Amino acid sequence: MADLKTLFRRSGKRQREIAEAVGRSEGAVSQWVNGDREIPADLVLKVEEFTGIPRHHLRPDLWEKTMPNAVDEAILAAPDLTHLQRLEAESIHIMREVAAEAERPVMLYSIGKDSAVMLHLAMKAFAPGKPPFPLLHVNTTWKFHEMIGFRDQRVKDLGLELHEWINQDGIARGINPFDHGGAYTDIMKTEALKAALDHFGYDVAFGGARRDEEKSRAKERIFSFRSPGHRWDPKSQRPELWNLYNTRKNKGETIRVFPLSNWTELDIWQYIYKESIPIVPLYYAAKRPVVEYNGMTVMVDDERMRIPDGQKPEMKSIRFRTLGCYPLTGAVESEADTLPEIIQEMLLTTTSERQGRAIDKDSAASMEKKKQEGYF
Amino acid sequence: MDAQNDLLSTDIEAYLKQHEQKSLLRFITCGSVDDGKSTLIGRLLYDSRMIFEDQLAALEADSKKMGTQGQNIDFALLVDGLAAEREQGITIDVAYRFFATEKRKFIVADTPGHEQYTRNMVTGASTADVAIILIDARRGVLTQTRRHSYLASLVGIRNVVLAINKMDLVNYSQDVFNRILGDYMNFASGLSLENIVAIPMSALAGDNITEKSGNTPWYMGQPLLSHLETVETKTVDRTAAFRMPVQWVNRPNQDFRGFSGLIAAGSVKPGDVVRVMPSGRESQVSRVFLDGDMPFAVAGQSVTISLEDEVDCSRGDVLTGVDDPIEVSDQFEVTIVWMNETAMLPGRSYLLKLGAKTVVASVTALKHKVNVNTLEQVASKQLAMNEIGLCNLSLAQPVAFDAYDKNRQTGGFILIDRFTNETVAAGTIHFALRRAQNIHWQAMEVDRAARAGQKDQKAFVLWFTGLSGAGKSTIANIVERRLFELGKHSTMLDGDNVRHRLNRDLGFTDGDRVENIRRVGEVARLMTDAGLIVLVSFISPFRSERQMARELLPEGEFLEVFIDTPLAVAEERDPKGLYKKARRGEIKNFTGISSPYEAPEDPEIRLDTTALTPEQAAAQIIDALEQRGLLRGAGL
């Protein structure tokens, strides 16, 4: 059994921090750590809370050690795991499998709410360390400015490594969402993603897609293999049993891994609420300048927006259900500026999430086709 | 739904609180083609209002376009997501769907009915708590009904709902219902299903789905959804012995070392004594945490555990309680569901993944396969796609395990092909075979190094592979003569000669070819133990078996020599007249003609016999051996 000094060292907390947390002098804490003086009884629980050192180690004379291996009442009485707890455990398990078996894993970070949850889970999975993989953001250069600001802040706060990838060739050719429609998505997102994965040599990439989003996603495995050209073959997916994932790949193959496969949109929001996960403010309603464009309400995020003739940007209280390239992302009129209100609005609403994205509208099989070609 | 909706609009915080406490039920729907599985799920989603207006509009448009239900909505189109499925009107792959009621959240795996997609059905079933088995009331119990019930039972599902569907087409007849139920119970008595509930329904018309139907006044039970909301699943027993396969050793800095994993059984708290298996070392749990410390954690949670002592523990080990220790073995009796186009062959080596552990394994005996219609045991030499067999399995090293009946996570495994990397089988462990412990290795005083040293040489295997007529034996003979001249002690194992004696009981099926190579590999190994240089001249067409032979020997002592002769050239030479016979169909399973030859991808030595004489080829081999230092004395 380790002594108290070792336990304090392992807790990773400095004596000064402990002193601050419990409102005593650093000298006093030093005496506790060295065993020169006992921790006052009224402070034991505070110290336990802050350092994680169990009370029976801090004051063995006051707190009896719980019987080892006896299942105590608290464990038996605790409620069944909730669906969110089970989903969380599953996602973390998936991430750890990838970390253990992949050669060069990467997490696709697209700044939206699903990415926010995925990142939060990755931080949990490897705490107190950092996730053993970098983040990758494929930037089309048409993302909302607030998204990029949020991204940079988040990465800084968490102390993570992020690679940004922009298809420079597409920029040089002046590819933009106004003139190039479907080709824009293909060149600036799909092709850019493939190029980024090839450039860095990533063999496994996490994506935040969920099975409830769209019909062909509902059929996709959690570990989804891509042939050397990043193509998906829906007819020859590997069987995926229990939580045993076969991560062995053939030469040139890569794997897309979807740890949020079994989450629904409501689960995502509920988890963000429960865990207080930071999200881009664009999800909350605020007065923002908008125009009607392509049958959608589009925010004028910068001077590049092509405002249709006869329209002027109008200030409306709007928010976004999904975030992407601003000219392609439809806003909804809303007053919801708290998380519960957003969730309420989502549950009472009668259109599905992806409707705000122009990409899915073409045909029922469009997403399957896009994915076969390498779209995430 | 209505009470829920009220709360949703009046008190969202209370609604969220309520929703957060919901438990989760995972179920599968299975049964034969056209029994209405997809329609049932579409109906559940529709009736629990999980379909948004825009989806509904798209659905109505699609339904009219496809025209399968006249002007009515075809719910199946909601679920069949792949283009091929919509075209053919069948389900190919598992689709996962999500819905919730006031009491529970549900994840549904809609699994395919067609036999060739059985592996996808097993994929869905492996994580399910409940199986809904659909039966078309007009057709009764069919092959697929039996197959899926058996598979459900095999993967450990104990709760079954027998959904006798399309009752509207048999006038809601109680007699029909009772007859089908009787048939089913008769079959199911041979399975280990515990709770079978039969419900008469019509997914299309909505009878007994969310509400009790007026069309079946004789039915006393609950409608489907109420049953799913209340059915008791075997909730994880927190008093069970603790099990956590270690996935990841978390070591961010010198001061911290934690073991991360998903708890498979029982519970754990600081202070508990745990054992690291298979090593058996013990320590006490100092912390249990995820992003903060936890007073305890239970089965189903992903956590990180740190221990009081610096014990050796790595990925693939299992942390267990001390009261009911996990077993350790390298020989098992298992049931295997074969899921690959290439048949399972006893003796071939595969990779086995159990928990976080991956080891080399091979089937040592296929005891019998199971006829899923009759549950009869049938003798067989191999398992083809979708077949199920009882086997003995031998692993290259011991692993910690529980019987599958006791725990799915520590008793279920997959087999992976070592060359294609495909998942070829799912399996469940029954028990350990004790043989491993009963045969002890006889410790040798004079060892292989000593024997080779006495001959002042290095022992190794030269493994010649190539088509019949490629020139293997011709070249091998020249090489052996050169070795002899150099004063080396050697021997030759020739394919034809060995088949006359040691392997005369073997034929030319794929299974026999595997055994042929296994025996020759073992003999070659024994002879290198004796200090000899062994030349093996065998067609040895399969990569897996050559790999297996390679692994019998220490690194660097197995040299694969690929006698690379194109089929046309070998057939032209045809020194034994065998190709002509094979072409006439007089020889079955002839390599290159009616049985495949898998060329080596990375042989130590490759010889193109269209550009070299046999003497030149032999000289290249001797050169290669010298370069590798294999012809020097043992001590050098």
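Glycine too: its Cβ is placed from the backbone N, Cα and C atoms.
Bear in mind that TrEMBL entries carry predicted annotations, made automatically and left uncurated.
According to TrEMBL, the domain 'Tr-type G' annotation covers B:22-237. The GTP binding site annotation in TrEMBL covers B:31-38, B:110-114, B:165-168. What TrEMBL records for B:GLY466, B:LEU467, B:SER468, B:GLY469, B:ALA470, B:GLY471, B:LYS472, B:SER473 is ATP binding site. The active site, phosphoserine intermediate feature in TrEMBL is assigned to B:SER540.
Location within the structure of each feature annotated in TrEMBL.
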residue	record	CB count, 10 Å
B:GLY31	GTP binding site	27
B:THR111	GTP binding site	27
B:LEU467	ATP binding site	24
B:SER468	ATP binding site	25
B:GLY469	ATP binding site	25
B:ALA470	ATP binding site	25
B:GLY471	ATP binding site	24
B:LYS472	ATP binding site	28
B:SER473	ATP binding site	21
B:SER540	active site, phosphoserine intermediate	26
Check: same-chain CB within 8 A of ATP site center, minus B:GLY466, B:LEU467, B:SER468, B:GLY469, B:ALA470, B:GLY471, B:LYS472, B:SER473: B:ILE539, B:ILE563, B:THR565, B:ALA570
Across the whole of the domain 'Tr-type G' (B:22-237), what does the mean pLDDT come to? Round it, please. 82
Under a three-state reduction of DSSP output, how is B:MET167 (GTP binding site) classified: helix, strand, or coil? helix
Smallest Cα-Cα separation from B:GLY471 (ATP binding site) among the binding-site residues B:GLY31, B:THR111, B:MET167 is shown by B:THR111
Provide, as an integer number of angstrom, the distance between the C-alpha atoms of B:GLY31 (GTP binding site) and B:SER540 (active site, phosphoserine intermediate). 43
One should report the C-alpha separation between B:ALA470 (ATP binding site) and B:THR111 (GTP binding site), rounded to whole angstrom, as 49
So among B:LYS37, B:THR111, B:MET167, B:SER540, all listed as recorded positions, which is physically nearest to B:SER468 (ATP binding site)? Use the C-alpha atoms. B:SER540
Have a look at the recorded positions B:GLY469, B:LYS472, B:SER540 and say which one has the shortest Cα distance to B:THR111 (GTP binding site). B:SER540
Please classify the secondary structure at B:GLY31 (GTP binding site) using three-state DSSP. strand
Could you check which of these recorded positions, B:LYS37, B:MET167, B:SER540, sit within 10 Å of B:LEU467 (ATP binding site), going Cα to Cα? B:SER540
Rounded distance in angstrom between the Cα atoms of B:LYS472 (ATP binding site) and B:SER540 (active site, phosphoserine intermediate): 11
